[in-house]
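The topological domain 'Extracellular' annotation in Swiss-Prot covers 1-51, 95-100, 141-147, 219-250, 329-341, 463-606 and rests on sequence analysis. Feature annotation from Swiss-Prot assigns transmembrane segment to 52-72, 74-94, 101-117, 120-140, 148-168, 198-218, 251-271, 308-328, 342-362, 375-395, 399-419, 442-462. The topological domain 'Cytoplasmic' annotation in Swiss-Prot covers 169-197, 272-307, 363-374, 420-441 and is backed by sequence analysis. Residues annotated as domain 'STAS' in Swiss-Prot: 470-584.
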């Protein structure tokens, strides 16, 4: 509860949840691979109480969401619950964030529906293969590859996913049946058949949405509980906090109770979830082939059918989970290990496939509940996992009465925050060009998810390459021409730099001396060295000088190693300008050949 979070604030910011420091020593290396060893020795009874409350709160949120997300994935409802518990146990041992909860999410469920054709066997196999890919990325420390997906691309995808998922639940909210799943067909048929709306489902769905909104607003405005408050005030605020935190479970239970009340009267105005397979899932290897009425689909054919999903699903799963982990680590003042997170997510999906789970990742909503509940360690996930298992074993018969419109309300309210309207205004104000990859991703994701992500990433990459090939330069006109590249120099930029130098210094009458100010150049490659050598020759032919200023040690070392004819450099711009204003034939100002040789020997030995 809020008071406990405050009381444990210092312990939570300095103890568990911190990624162990990378060290070659055996204990540190073991802690890095098994983060539980870093916080378990100092585990306390106070942390146990906080973790229990947080785990219970997350569990009451996870169960109705799991049922709802299975609908988004196009799978029977029990598969949502099958996917909701394995991450709790794996992350207990391997996670580096105390706040993150792994399980089914709206975005993962949407991707699963795209690539598994609503077939549980495909979904389970996709979880296994995604886990293998994610685990391999963690072992090979390939987490840096995620940095090539820019923030506008991620925002474009999540916004499109929010629209797709939210609109996809309108049919359940209104009680419409036999609506096709492809987005554009879904929009067309929903409006075409709007007159077929079932009043009972629509009213119940809207009431559930209103209740969820009111409870969320109450949750956001519940004042923190302080120990000095009177017991009655603390109790009342604690009850409000508990009720608003478990709002999904309360609303779904309310809707199920209403539906059951109608059922006993013999009249049912709602479309119900229906039968849910009872009991715990069997432990078995993922299906590497599927037998249908038309024959057996081999493993190779299943992989071919999933196609781009084998890249998109593991990639987006990692992006979503690490983004959530980093956000809460920054908020709560601790660090995570991104590569260790890859291992945790990968192993979760691999082991989850043994219990019929579809791909999972970090959930922003449930992680927020976890953090706000005052969780102290990943042990809170154990309570959540046990609660999900108990619901599978004892409550599945009650899920029959949950109206689909109530689950649709839960999904719509969960994905609404994913559509970030502020990002469009922010990018318009900060850098309008970044709207291009965002809009490309957003629009194309309505066609095919992989095309949207690929096109957005490609546009971002082209923008990056263009800035590398055409770096901005600052030019100072004076007695001596000074040209300063605003960023580093690499081989794509050399031709553009050469053209600008020639046009400003040598293709004018009379030719002018030039100082190349290289303060912002941190490194150069061999192509740049060759280009600079050619420029030095061009300047010598015209009888003017090209001097270098502000060379950093790595750059100077490379240029001295190349033995460029006519190469001269100065420590300050004033020295270079004073030298270049002298008559031809004089020695460089404040620099001698022997000092160049001494510096060259010293740099090459460094």
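One is the number of the first residue shown, and numbering goes on along the chain from there.
Keep in mind that glycine also has a Cβ here, set from the backbone N, Cα and C atoms.
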Which of 52-72, 101-117, 148-168, 198-218, 342-362 contacts the transmembrane segment (442-462) most, counting Cβ pairs under 8 Å:
148-168
Calculate the per-residue pLDDT averaged over the topological domain 'Extracellular' (463-606) and state the result as an integer.
82
Counting Cβ pairs closer than 8 Å, which of 198-218, 308-328, 342-362 has the most of them with the transmembrane segment (74-94)?
342-362
Interface-richest range of 101-117, 148-168, 198-218 toward the transmembrane segment (342-362), CB pairs under 8 Å:
101-117
Taking residues 6+ outside the transmembrane segment (101-117), which of them lie with a CB under 8 Å of any CB in it?
58, 62, 65-66, 69-70, 72-75, 80, 83-85, 87-88, 90-91, 123, 126, 157-158, 161-162, 164-165, 181, 305-309, 312-313, 316-317, 320-321, 344-345, 348, 358-364, 366-367, 370, 381, 384, 411, 414-415, 418, 448-449
Is it the case that the transmembrane segment (375-395) and the transmembrane segment (52-72) touch, counting contact as three or more CB pairs under 8 Å in which the residues of each pair are 6 or more positions apart?
yes
By DSSP, how many residues in the topological domain 'Extracellular' (219-250) are helix, how many strand, and how many coil?
21 helix, 0 strand, 11 coil
Remote residues contacting the topological domain 'Cytoplasmic' (363-374) - C-beta distance under 8 A, at least 6 residues beyond either end:
1-2, 4-5, 8, 12, 50, 53-54, 57-58, 61-62, 65, 99-105, 245, 320, 324, 327-328, 331-332, 380, 414
Residue list, the topological domain 'Extracellular' (95-100) vs rest of chain: Cβ under 8 Å, 6 or more residues beyond ends.
12, 16-20, 35, 321, 324-325, 328-329, 332, 334-337, 340-341, 344, 362, 367, 370-371, 375-378, 380-381
Given the transmembrane segment (120-140), which of the listed stretches 52-72, 148-168, 251-271, 308-328 has the most Cβ pairs that are under 8 Å apart from it?
308-328
Treating G and I as helix alongside H, and B as strand alongside E, what does DSSP give for the topological domain 'Cytoplasmic' (363-374) in helix, strand and coil?
9 helix, 0 strand, 3 coil
Let me spell it out: take the topological domain 'Cytoplasmic' (169-197), skip the flanking residues so only those 6+ beyond its ends count, and list any with a Cβ under 8 Å from a Cβ in it.
71-72, 74, 113, 205-206, 270-271, 404-405, 407-409, 411-412, 446
Counts of helix, strand and coil residues, the topological domain 'Extracellular' (329-341), according to DSSP:
8 helix, 0 strand, 5 coil
